[in-house]
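Scroll down for the structure; my scribbles are underneath it.
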Amino acid sequence: METHDLTLDDFLSRFQLLRPKMSRDVLNRRQAAVLIPLVRREQPGLLLTKRASHMRKHPGQVAFPGGAVDSTDASLIAAALREAHEEVAIPPEVVEIIGVLPPVDSVTGFQVTPVVGIIPPDLHYHASEEEVAAVFEMPLSEALRLSRYHPLDIQRRGHDHRVWLSWYQHYFVWGMTAGIIRELALQIGMKP
């Protein structure tokens, strides 16, 4: 499938046909969740944020709305929805959850579960100044084009890691966020 003619219906049919398996390896790990907000349009969008530069962790980085699970969250999905509401004012009740991707281990010790949801196109985002410097939308067809991501092999704490790098307009998309977008593309059958 070519990404330039990817409709939301195409994405949904492929996502539902290729449901990801959930990991059961969650013992002794701090849990977090991010929302992958797909904007419902004929040519869908992917909503991303740029973290505030004064944040202690990952300042200025492009990210999905999300964060640590807290005691008020009934589930990982609830955590992703709560964080998206806190960070960019997406009302939880307007998000249509379509599934999750396998969890990803973060460099900060969290196991992060990406939650995929569809949001209406007419939302008015309000970035929390404490956490978010900018909110932007990238065409989903562009985000899922695997050739836009370039690998960088690094060593961290004596282990080899591959991170992915990309640019969209003036936004540098890399690390866990780029890796999650790539996994989403691979999960719906995009070819490298």
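Positions of Cβ are set from backbone N, Cα and C atoms, glycine also.
Bear in mind that the values here come from a model prediction, so they are computed numbers and not experimental data.
Listed in Swiss-Prot:
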| type | residues | note |
| --- | --- | --- |
| BINDING | GLU83, GLU87 | Mg(2+) binding site |
| DOMAIN | 29-160 | domain 'Nudix hydrolase' |
| MOTIF | 67-89 | motif 'Nudix box' |
For the motif 'Nudix box' (67-89), give me same-chain residues lying six or more residues beyond its boundaries with a C-beta closer than 8 angstroms to one of its C-beta atoms, as numbers and ranges.
30-35, 37, 47, 49, 95, 97, 100, 110, 113, 115, 117, 123-128, 131-132, 135
What's the number of neighbouring CB atoms sitting within 10 A of the CB on GLU87 (Mg(2+) binding site)?
24
Tell me the Cβ neighbour count for GLU83 (Mg(2+) binding site), meaning other Cβ atoms within 10 Å of its Cβ, over all protein chains shown.
25
Secondary structure of the domain 'Nudix hydrolase' (29-160) by DSSP, residue by residue, totals 23 helix, 56 strand, 53 coil
For the motif 'Nudix box' (67-89), what's the model's average pLDDT?
95
